[in-house]
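Notes follow the structure.
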Amino acid sequence: MVKQAVKVFVRTRPTATSGSGLKLGPDGQSVSVNVPKDLSAGPVNNQQEQFSFKFDGVLENVSQEAAYTTLAHEVVDSLMAGYHGTIFAYGQTGAGKTFTMSGGGTAYAHRGLIPRAIHHVFREVDMRADKMYRVHVSYLEIYNEQLYDLLGDTPGTSDALAVLEDSNSNTYVRGLTLVPVRSEEEALAQFFLGEQGRTTAGHVLNAESSRSHTVFTIHVEMRTSDAASERAVLSKLNLVDLAGSERTKKTGVTGQTLKEAQFINRSLSFLEQTVNALSRKDTYVPFRQTKLTAVLRDALGGNCKTVMVANIWAEPSHNEETLSTLRFASRVRTLTTDLALNESNDPALLLRRYERQIKELKAELAMRDTLSGKGRVSYDDLTDDELRELHATCRRFLHGEAEPEDLPADSMKRVRETFKALRAVHVAIKADMATQMATLRRATEEGSGAAARGGDSAGPSGVGDVDLRATGGFTVGHAPLDARPPVRSELGSPGAGASGAEALGEPRSPGGGLHAQASSHTDAGSNWGDAGPLSSPGGTRLAGIFGVSGDRNAVFRRYKVDVGEGRELAASLKAASIALADTKASIRSLGASVNDAKQRIDELSSALALRRGATPAGGDGEVLDSEAYALMQELKSAKSRYRTDFDSLKSAREELEPQIQAVAVARAGLLEAFDRWAAAQSDTTLKRMATAGRAMSGIAPGEEDEMDAGEQFERMQIARISERDPDSLAFHTALKRTGAAVSRPATVATGGNAKAAAMATRKMEHTQAVNRGLAR
């Protein structure tokens with residue numbers, strides 16, 4: 001890890017007042033604030049008037065582009081190199097924090113750090129063609145000490161969100177939506193969509209004051225390539241827009257806005273306490289006091305490259321707020337973070353890395369053996385046949401039938417296996433000796449007992465007695481002619497060779513391919529442009545006006561073009577039909593591929609069987625020539641291809657039925673909407689649309705939707721923007737896409753949560769103020 005100091009920059013809001021008391025040093029890094037003495041304190045007044053601060057830079061009357069170059073360019077470059085980064089704006093309300101981070105509305109030249117950082121990231125992605133990148137974005141809001149997901153499907157809920165730590169002590173928000181984006185336009189569209197869900201309110205100092213803290217995060221995953229995907233570098237950039245601190249006696253807020261100001265000031269106060277504890281190097285740092293400090297834990301003292309923007313409003317009436325902001329910024333500048341490269345700890349990636357390293361080490365061993373004049377040495381694990389042969393060699397060695405040179409010693413693996421085999425054979429021999437000794441003792445005891453009883457009859461085993469006095473020893477008896485010692489099995493019997501081919505999934509259906517099932521489905525989307533039978537009230541009315549079905553279909557065609565509801569439903573039906581057709585085509589293609597792979601497997605299996613039958617086997621087992629080996633490799637590849645195509649075919653079949661149902665539902669919905677519309681129209685309107693619809697009969701399918709005047713204007717506007725500034729095309733396109741979308745606050749207001757209640761309370765307070773004549 002590398003110690004990295006937190007950089008702090010000051011950005012001033014332009015002001016028309018000349019005698020503001022704020023002076024900038026000639027070095028561009030120092031700031032002096034002159035606070036006049038309070039004359040009401042009396043003649044003895046030791047109040048300090050001059051305050052000086054030094055930072056990493058001061059931005060006064062600079063453009064948004066210059067601000068981005070100074071504040072964020074280096075951080076984004078570090079992000080692309082695999083390091084975490086955070087940029088947060090701090091200051092009083094109305095000082096320009098949101099303008100610095102997000103920008104000035106729809107003006108492209110006034111876009112803030114977030115849109116410019118998105119453009120920078122995707123420009124670097126396009127330039128680095130030798131690497132593979134995946135980019136995700138998330139947008140978090142902290143409102144009244146509650147977390148909200150501004151990009152989630154249900155942004156009104158916050159119960160599932162929680163700030164946690166991973167195994168590397170990095171903070172993350174559980175349950176926060178990560179949206180994958182593939183282009184600058186998609187990322188900007190998500191940002192603009194999240195902006196619509198932010199909570200704002202107006203007061204005397206700011207007409208659109210942010211009532212919450214927001215964190216827009218860009219997550220970047222970098223790999224060297226798809227083939228060599230064993231190393232992944234993960235990094236993220238947090239772009240934080242803090243709500244402004246307020247003096248309620250100046251803003252004059254009441255009711256719900258006052259409550260929000262209290263939460264904002266409380267969270268910023270705890271943030272200041274956390275910074276003070278870090279600057280003093282206390283053993284305990286209160287990161288968990290608020291959601292804001294928990295989210296900013298890495299930015300203040302963890303693995304992150306952090307930049308702070310202190311926004312100040314250099315007006316004489318705001319000297320106290322300016323001085324407070326500069327003091328906080330000077331304390332933040334004393335902090336340091338531990339910067340380290342962030343590599344993924346995914347077990348799958350580690351497995352790929354270890355496999356590659358093992359392969360490289362084996363190649364190096366083979367090269368060393370070749371250079372040292374050794375023969376081909378195998379460093380792989382021993383097979384079952386090799387283990388059985390090794391045990392037999394060790395047994396012969398212990399019985400004195402083999403020499404030490406017969407034991408393998410060409411690699412450490414074989415030496416270890418030899419010692420294991422020697423131990424196993426020794427244990428087995430020892431067990432045999434123990435069994436034989438037990439048998440001898442039992443026979444001796446039985447013989448001694450029979451001699452003591454003086455019996456002269458043969459025992460159950462047919463072994464006679466011998467006079468101990470005549471032999472001078474112990475009796476062992478006479479073994480019968482059919483007696484033999486038990487045969488002890490070897491450590492393992494040679495197994496039978498592999499027989500039969502592998503099971504290759506389901507066989508082909510006779511008379512048809514694997515795609516026969518797909519082709520048997522009814523093409524529910526092939527005739528999606530026909531009005532169908534009109535037996536409902538609207539259809540009955542159309543049948544009464546028009547005698548032939550062609551006129552009814554003509555009205556139906558115009559309904560899909562001229563009526564907004566019909567145009568949307570027809571587009572949905574067309575999209576569902578196209579998706580269904582693509583799935584069917586994919587099933588047919590995959591079915592043919594599976595059948596071809598199965599046929600190729602059968603051919604290769606037969607050829608390999610013939611080759612094995614024609615090649616005599618050696619004494620130690622089968623010896624494969626180059627042609628048989630090539631057939632085996634090709635057979636293995638064919639089986640792998642068969643399994644891949646078969647799994648894809650199975651997945652496509654599972655998607656087919658839901659898509660057929662989707663086409664049927666879309667078609668039924670279109671016909672039902674057309675029926676309702678036709679029942680409510682006049683005869684003149686229907687006849688006019690029938691005439692226009694008959695004129696469309698010569699138009700080819702897919703060419704019915706001609707551009708209207710508005711669409712032509714948009715096309716011309718996009719072309720003009722592309723000619724003037726190609727880099728701004730993504731910004732304007734994303735802004736247009738999200739501008740036509742449904743506003744997020746309306747969705748949030750129905751969520752039944754704290755934000756919805758706050759919006760309802762603020763609306764009620766505004767209504768009461770209007771009734772009392774205090775507002776408009």
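A Cβ is built for glycine as well, from the same backbone N, Cα and C atoms used for every other residue.
Remember, predicted model here, so these are calculated numbers, not experimental data.
Under the heading ATP binding site, Swiss-Prot lists Gly91, Gln92, Thr93, Gly94, Ala95, Gly96, Lys97, Thr98, citing sequence analysis as support. Under the heading domain 'Kinesin motor', Swiss-Prot lists 5-335, citing sequence analysis as support. Taken from Swiss-Prot, the feature region 'Disordered' applies to 441-535. Feature annotation from Swiss-Prot assigns region 'Globular' to 658-776; the stated evidence is sequence analysis.
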- Cβ neighbour count (within 10 Å, all chains shown) around Thr98 (ATP binding site): 25
- Note on the structure: Per DSSP (three-state), Lys97 (ATP binding site) is helix
- Check: same-chain CB within 8 A of ATP site center, minus Gly91, Gln92, Thr93, Gly94, Ala95, Gly96, Lys97, Thr98: Arg13, Ala89, Asn206, Gly244, Asn311, Trp313
- Item | Number of Cβ atoms other than its own within 10 Å, given for Gly94 (ATP binding site) | 23
- What is the total of other Cβ atoms whose distance to the Cβ of Gly91 (ATP binding site) is within 10 Å? 27
- Message: Just to confirm: which same-chain residues, 6+ apart in sequence, have a Cβ under 8 Å from the Cβ of Thr93 (ATP binding site)?
- Response: His203, Leu205, Asn206, Ser209, Ala243, Gly244, Ser245, Glu246, Thr251
- Under 8 Å Cβ-Cβ from Gly96 (ATP binding site), six or more apart in the same chain: what's there? Arg11, Arg13, Asn311, Trp313
- Within 10 Å of the Cβ of Lys97 (ATP binding site), how many other Cβ atoms can you find? Include all protein chains, please. 26
- According to DSSP, which of helix, strand or coil covers Gly91 (ATP binding site)? strand
